[in-house]
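Please read the structure below before turning to the comments.
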Amino acid sequence: MPQDYHSQVKPEPSHQPMDPQISSMIPTSSWFTPKRLLAIFCVINLLNYVDRGAIASNGVNGSRGTCTEGGTCSSGSGIQGDFNLNNFEDGVLSSAFMVGLLVASPIFASLAKSVNPFRLIGIGLSVWSLATLCCGFSFNFWSISVCRMLVGVGEASFISLAAPFIDDNAPVTQKTAWLAIFYMCIPSGYALGYVYGGFVGSHFGWRYAFWVESLLMLPFAISGFFMKPLQLRGFVPADSEKELTPEAVVSVVQVTEASSGKDEPLSLKAELRDKSSDHNFKSKSATQINEKFSRFLKDMKALLLDKVYVVNVLGYIAYNFVIGAYSYWGPKAGYNIYHMADADLIFGGITIVCGTVGTLAGGFILDYMNNTLSNAFKLLSTTTFIGAAFCFGAFLFRSMYGFLALFSIGELLVFATQGPVNYVCLRCVKPSLRPLSMAMSTVAIHIFGDVPSSPLVGVLQDSINNWRTTALILTSILFPAAGIWFIGIFLHSVDEFDEDSENQVSNVERSTTMPLLLGKTGATSASPSLSQEH
């Protein structure tokens, strides 16, 4: 019996030719393994958030030029000083990239159905590299604002598509852990960017910080075009051979007739053919645009009707509302409540340590629990509720050391959500919807979460003029977030990672667990077809 079994699963290339559509999805180089893909994506994600930290650091460390009553003026420093920006304009620069990110994320997610996603990442990173380079050459507020928006456009391609690639290629028992490693780069990259921006800005000038970022990202942008493109699960390979269309057949017949020496006037035929092809091209282009827009609306409807997805994103919005305000107002609140001398460094240190450890721990714990959607909601609601209790209690402490101890534990627990929440976004929808799922999740948590939270908390503080009360009110929003995720435990949830979609190519693709490993993929792909024949 064991011999028969092994004889069935053993790949026999001579008897089982692989489908050309499937073989085009398998890289020819064995160097490009899943772990290396994860490492590359982590570095790219790190650079994205280093850039965010660098622009935030310049906003804090830069200053506007001042003049005394006697007429003596001193020049400012950083971007604010060079362009003579007021505080509002300086604040706009730190969030301008959000405009490009929010507009481009759904576009890149939709294009993934007609263009190879790996190539889209290459295009996006090229835009990112060019935009950061131009940031260094900007000459006024509007020029650098436009460049910052383009940075967001470039980042949108990566944010929408990187997580699905990681989910496709991670080991089955470590899916959430791999996602946690990827999202760990958010707090660590932001904190690193803060230090990097301050150091480079003070020693060489703020322009050099952007130029160095551009050079560091350039090799990854180039690799997106020259490395064999990878294919996401649930999508037909974009570079597969296309069948001859009726228009192409007609063209071939016309060329054949012309070359056979018939007496018809060739110039008239050519003119008619050009007019016909131009009309067909315009008609086909309009049809394709309408089809893509209809498909986008259909996919959006599917997301909005998915209760698991909606509950997950609603909880994520409330969560991100608090985290966004923490990152902006935390140091100032700590300085005013506990008179911390280096509040920015203290909060930055807590964030990078607790963010890194908590994010990794959340991913590994969910994998240990068995990474199901129900278990993900259990972990999300539990860690958020307990973390909120610790953070709330921290702001009640009169002692700074008591505050730091409780707040550190609270942040450790709160950051454990990063892996599970994105795991749910990926697994509650069909494979073909994952890029759009990640894109719309990103759009939602920014539009309704961290973008409005900072100004709203500022308005609240101006109204009550008590940082302790403001911090307690803000922290209390984590409890509704935990409650929303708690509802998700009782929803009927199905992991749709292996579900068919309208673009699924075959059962062979669906059975592939590690498509980047050439040897293992070939063996795995051959097994189902062989066993079916026997």
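Using the three backbone atoms N, Cα and C, a Cβ is placed for every residue, glycine included.
For 1-21, the entry in TrEMBL reads region 'Disordered'.
If you look up TrEMBL, you'll see 37-495 marked as domain 'Major facilitator superfamily (MFS) profile'.
Positions annotated as transmembrane segment by TrEMBL: 92-111 (among others).
The transmembrane segment feature in TrEMBL is assigned to 118-142 (among others).
Feature annotation from TrEMBL assigns transmembrane segment to 178-196 (among others).
The annotation transmembrane segment is assigned in TrEMBL to 208-227 (among others).
TrEMBL lists 308-329 (among others) with the feature transmembrane segment.
Note on the transmembrane segment (345-365): residues 176-181, 183-184, 186-188, 190-192, 194, 327, 330-331, 334, 379, 383, 404, 407-408, 411-420 of its chain, located 6 or more positions outside it, place their CB under 8 angstroms from a CB of the stretch. According to TrEMBL, the feature transmembrane segment maps to 345-365 (among others).
Distant neighbours of the transmembrane segment (377-397): 312, 315, 319, 337, 362, 365-366, 369, 403-407, 409-414, 416-417, 420-421, 424, 468, 471-472, 475-476, 478-479, 481-483, 485-486, 488-489, 491, 493; these residues of the same chain sit at least 6 beyond its ends, with a Cβ under 8 Å from one of its Cβ atoms. What TrEMBL records for 377-397 (among others) is transmembrane segment.
The transmembrane segment annotation in TrEMBL covers 433-449 (among others). Packing against the transmembrane segment (433-449) from elsewhere in the chain are residues 98, 101-102, 105-106, 108-110, 112, 117, 156, 159-161, 163-164, 167, 232, 234, 296, 299-300, 302-303, 309, 312-313, 316-321, 324, 422, 425-426, 501: each is 6 or more residues past its ends and has a CB under 8 Å from a CB in it.
Among the features that TrEMBL reports, transmembrane segment is placed at 469-491 (among others). Away from its own ends, the transmembrane segment (469-491) comes close to residues 307-308, 311-312, 314-316, 318-319, 321-322, 325-326, 329, 333, 337, 373-374, 377-378, 380-382, 384-385, 387-388, 391-392, 395-396, 414, 424, 453, 457, 460-461 of its chain (Cβ-Cβ under 8 Å, at least six residues beyond either end).
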Mean predicted confidence [pLDDT] for the domain 'Major facilitator superfamily (MFS) profile' (37-495): 83
